[in-house]
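*Asks:* Sharing a structure below in structure tokens format, with a few things to ask.
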Amino acid sequence: MAAATRGCRPWGSLLGLLGLVSAAAAAWDLASLRCTLGAFCECDFRPDLPGLECDLAQHLAGQHLAKALVVKALKAFVRDPAPTKPLVLSLHGWTGTGKSYVSSLLAHYLFQGGLRSPRVHHFSPVLHFPHPSHIERYKKDLKSWVQGNLTACGRSLFLFDEMDKMPPGLMEVLRPFLGSSWVVYGTNYRKAIFIFISNTGGKQINQVALEAWRSRRDREEILLQELEPVISRAVLDNPHHGFSNSGIMEERLLDAVVPFLPLQRHHVRHCVLNELAQLGLEPRDEVVQAVLDSTTFFPEDEQLFSSNGCKTVASRIAFFL
């Protein structure tokens, strides 16, 4: 999916994941100290909610629930000068449906430096927590990193990708940071944002969307109330999910479970047109059709949903140009 700058204009490719180091204190400086002590200091937190809303409307295909939930949650959180707890969102859905895209947009439209901001922290289990046998060290390092950076600046964003692959038990150390009473050394952690991303629940979301289509219901009629229980059950029943045995879901520390619906052919077409525009190219029917023809759809009988969402659109366009 194409991305956009502040003001909802096209922008360049996103940076890779930020590295994790074990001692966050080494990154602190006098500016961070002043930020900690200043009651009104927001570091480089510069929210542009109209820009975010515009970008989601133009570029996020087929996700009426995700758009509404994310915008509503952020508006309420950002406009509250004294939130009662951090904002905690859990994004769920099939591959290529826009979860990582939305999380990158949040970083871009909330912080002046986007993903480059020192207040945005992106964690991947493959890069940062690859060895389950090192779980105790990972716990210590993660807790130190989160606590240290929140002490430096309460306005911080923590992105946890591929929760399906997180070492079991690791997320337990985050539980104290996600509630409404975690204050350490005079620093209030309630202005932080935590976002968790996973494919868990994707099959269940797909099934609900398929049943709606078979019943001739418009996909925009699908309600959160239909999806939230099946997603929560899928997470709780998965012993390999990062939330397993963490108490995060059981204690209702999530502010919103955000479902991403599977993408149909016209949604993939939308992604192709967006990507061509991102490349500065005019839409070419033969390229659009070639990408659609090379995309696998499921179920076998209906051929309704893209197997990879829009994940491979950019590489397919490059092949057919």
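Placed from the backbone N, Cα and C atoms, the Cβ positions cover glycine too.
The annotation ATP binding site is assigned in Swiss-Prot to Gly93, Trp94, Thr95, Gly96, Thr97, Gly98, Lys99, Ser100 on the grounds of sequence analysis. Residues or ranges marked as N-linked glycosylation site by Swiss-Prot on the basis of sequence analysis: Asn149. Sequence annotations record features per position, and here Swiss-Prot assigns signal peptide to 1-26 based on sequence analysis.
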*Asks:* Identify all same-chain residues not among Gly93, Trp94, Thr95, Gly96, Thr97, Gly98, Lys99, Ser100 whose C-beta atom falls within 8 angstroms of the centroid of the ATP site's C-beta atoms; report them in sequence order.
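*Replies:* My list of surrounding residues reads Tyr101, Asn199, Gly202, Phe260, Gly309, Lys311.
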*Asks:* I'd like to know which of the binding-site residues Gly96, Thr97, Gly98, Lys99, Ser100 has the most other Cβ atoms within 10 Å of its Cβ.
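*Replies:* Selected residue: Thr97.
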*Asks:* Three states by DSSP: which one describes Gly93 (ATP binding site)?
*Replies:* strand
*Asks:* Could you measure between the residue listed as 'N-linked glycosylation site' and Gly98 (ATP binding site) for me? Cα positions, answer in whole angstrom.
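*Replies:* With distance taken Cα to Cα, Gly98 (ATP binding site) is 28 Å from the residue listed as 'N-linked glycosylation site'.
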*Asks:* Helix, strand or coil at Gly98 (ATP binding site), per DSSP?
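*Replies:* Once the DSSP labels are grouped into three classes, Gly98 (ATP binding site) ends up as coil.
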*Asks:* Taking the recorded positions one at a time (Thr95, Asn149), which has its Cβ surrounded by the most other Cβ atoms within 10 Å?
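*Replies:* The residue with the most neighbouring Cβ atoms within 10 Å is Asn149.
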*Asks:* Report, as a single number, how many Cβ atoms besides its own are within 10 Å of the Cβ of Trp94 (ATP binding site).
*Replies:* 25
*Asks:* Can you check what DSSP calls the residue listed as 'N-linked glycosylation site', collapsed to helix, strand or coil?
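*Replies:* Where the residue listed as 'N-linked glycosylation site' sits, the three-state DSSP reduction gives helix.
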*Asks:* Using Cβ atoms only, which residues of the same chain lie under 8 Å from Gly93 (ATP binding site) while being at least 6 residues apart in sequence?
*Replies:* Lys99, Asn199, Gly201, Gly202, Ile205, Pro259, Phe260, Leu261, Pro262
